[in-house]
Amino acid sequence: MTESSASAYGGKGSLVLGVTWAEAGLALILFALRAKTASFSPPGQAYFGVFGVRWDFIWVTIALVLALCTQCLMTVSVRYGLGNHQDLLSGSNIVQTNLWSWMAQIVAILCLAISRIAVISFLLSLQARTRSIGRIVLYGVGAIQGIINVIEVGLILNQCDPTKKLWDPDIPGTCDKVLICSQVGFLQGSIGAAADLFLAFYPVYIIGRLQQMKLTTKVGLCLIMSGGLIAGIAGINKTVAIASITHDDLTYAIYKLNTWVLTEMWFIIIFGSIPVLRPFFVRFTQDIKSAAGYGHSRSGTTPSDYLNDSRNRRESWIQLDDQSQSTCVTRVSTYAKGALDGHGRESDDTSIKPQQSGRQILVTRQTTVESERC
């Protein structure tokens with residue numbers, strides 16, 4: 001940065017960077033975990049993605065790239081004076097601040113649409129290949145997001161003639177479409193916030209109809225899948241901030257809007273990744289329990305231990321379906337265990353019991369069952 005841009009940094013700029021870069025760091029951690037544990041399609045279900053990679057992971061990867069570009073563009077804008085009062089900045093700094101800020105907002109608008117499509121892809125994968133009104137609604141939400149956000153980008157770039165006057169008010173020209181752009185921006189923000197709230201409540205509604213799931217599991221899934229409510233709240237604050245912008249001190253007044261834009265963008269990625277990582281957290285919890293009980297003797301194992309382990313494995317991957325008969329499609333891992341006697345025959349008792357003899361052979365059969373009722 002030049003000396004003038006370094007001196008322009010200040011005001012609310014540090015708040016913008018501190019909040020948004022912290023959110024970016026958390027999103028990167030969750031994305032790394034997602035890439036390691038939940039980036040590939042389930043075995044035998046290649047329709048969840050392309051070349052073995054899940055569709056929701058492909059979309060969130062694109063969204064993350066756009067989000068990082070937005071974050072970097074906004075950082076440059078802050079360095080030129082965003083968050084500072086306009087009368088403290090030079091003319092060139094004002095132009096650069098506006099230019100980088102507008103570029104960041106345009107990329108952020110595209111990122112918001114892609115991020116929501118990633119969440120929709122994940123919800124579609126939970127429902128498996130079912131035909132229901134819910135899938136049609138999800139596709140509709142994704143299509144509306146793409147259309148309204150692209151329209152908003154087009155209006156931003158064409159609200160002034162020439163376009164350069166958008167960030168340099170001293171250039172001769174007109175900005176006849178500023179009011180229309182502001183109104184469409186308010187509409188786009190409202191629709192986006194409504195989409196965030198819908199995508200948070202939709203899985204809660206589906207989970208509530210499942211009759212074969214324990215209440216504790218339902219509550220846990222509803223909590224981790226309703227994090228989009230926070231993104232929706234951020235979207236509401238962003239929309240409200242649009243109306244509070246004044247052009248008299250734009251470099252300072254716009255800091256709140258830009259902060260909420262980036263916050264909503266990161267929150268969609270963050271809270272959209274937490275439900276995907278549920279199997280990782282389940283396995284992590286099981287590993288902790290296993291490590292805590294590592295010193296226990298093998299002879300102390302009881303049939304209930306194996307039943308509990310089987311139950312945990314069943315709950316590590318759940319697909320939801322909203323068919324009219326309150327069905328669910330569940331990947332179930334079951335274990336049938338039998339002790340072989342010394343002659344190589346399987347005993348009739350399928351539970352594991354301490355044997356009086358010195359040696360025994362334990363046979364484990366793992367069966368994966370996929371059931372679907374429509």
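Backbone N, Cα and C atoms are what each Cβ position is placed from, and that goes for glycine too.
Annotated transmembrane segment per TrEMBL: 15-35 (among others), in sequence order. For the transmembrane segment (15-35), the residues of the chain that approach it from at least six positions outside its boundaries are 57, 60-61, 64, 67-68, 71, 74-75, 78, 82-83, 255, 258-259, 262-263, 266-267, 269-270, 273-274, 276-277, 280, judged by C-beta separation under 8 angstroms.
Positions annotated as domain 'Rhodopsin' by TrEMBL: 52-282.
Marked as transmembrane segment by TrEMBL: 56-82 (among others). For the transmembrane segment (56-82), the residues of the chain that approach it from at least six positions outside its boundaries are 1, 5-6, 8-11, 13, 16-17, 20-21, 24, 27-28, 31, 34-35, 38-39, 49-50, 88-89, 93-94, 96-97, 99-101, 103-104, 107-108, 110-111, 114-115, 117-119, 121-122, 125, 251, 254-255, 258, 262, 265-266, 268-269, 272-273, 276, judged by C-beta separation under 8 angstroms.
If you look up TrEMBL, you'll see 102-124 (among others) marked as transmembrane segment.
Long-range contacts of the transmembrane segment (136-157) within the same chain, counting only residues at least 6 positions beyond its ends with a Cβ under 8 Å from a Cβ of the stretch, are 102, 105-106, 109-110, 112-113, 116-117, 120, 123-124, 163, 166, 177, 180-181, 184-185, 187-188, 191-192, 195, 198-199, 202. Residues or ranges marked as transmembrane segment in TrEMBL: 136-157 (among others).
For 186-207 (among others), the entry in TrEMBL reads transmembrane segment.
For 219-237 (among others), the entry in TrEMBL reads transmembrane segment. Within the chain, the transmembrane segment (219-237) has long-range Cβ neighbours (under 8 A, six or more residues past its boundaries) at 119, 189, 192-194, 196-197, 199-201, 203-204, 207-208, 213, 260, 263-264, 267-268, 270-272, 274-275, 278, 318.
Feature annotation from TrEMBL assigns transmembrane segment to 257-277 (among others). Beyond the ends of the transmembrane segment (257-277), by six or more residues, the same chain brings 15-16, 19-20, 23-24, 26-27, 30-31, 33-34, 37-38, 56, 60, 63-64, 67, 70-71, 74, 77, 82, 101, 104-105, 108, 111-112, 115-116, 118-119, 122, 192, 196, 203, 221, 224-225, 227-228, 230-231, 234-235, 237-238, 241-242, 244-245 to within a C-beta distance below 8 angstroms of the stretch.
Residues annotated as compositional bias 'Basic and acidic residues' in TrEMBL: 340-351.
TrEMBL lists 340-374 with the feature region 'Disordered'.
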